[in-house]
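Take a look at the structure set out below.
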């Protein structure tokens, strides 16, 4: 029992999942694996405190764009995760490849969950292409990544060359 509580205390990062990692979506299996390994726990449903653009890029991949004041308050899920889980998520999200950046944001719990405000981190569309993608999408964003958007999602294994073509937007 002592070992379990020690490991639980190691979930020092709060991650805001707004797209394919959410429950019921194509990449949630990764969060389930982390939960089963006791490296993550679902905290609840949250909204971004500020408005941000949320758009889908090539392959139906969702991107939260770090342009505060534009777009909508975005709905997602917050997970408390371990340092090891962050490393796995960073790899999955292509942080080192320049697909996403893990940066802080403030989120507020849904009313039914108490409405508390917390500082978390999210995987933002990389600054090298974020604003360009927002403009390409006509500066129209989503409030929430949903079933309609998920139908457009193409898994990495099914993409030409297994890569994310969002990087084609950057010089």
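Glycine is treated like the rest: Cβ placed from N, Cα and C.
Annotation source TrEMBL lists domain 'Gamma-glutamylcyclotransferase AIG2-like' at 15-126.
What TrEMBL records for 93 is active site, proton acceptor. Neighbour list (residue 93 (active site, proton acceptor), Cβ cut-off 8 Å, at least 6 residues apart, same chain): 99, 100, 102, 123.
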* **Mean of the pLDDT scores, which run from 0 to 100, over the domain 'Gamma-glutamylcyclotransferase AIG2-like' (15-126)** => 95
* Asked: Tally of helix, strand and coil residues over the domain 'Gamma-glutamylcyclotransferase AIG2-like' (15-126) according to DSSP?
  -> 26 helix, 46 strand, 40 coil
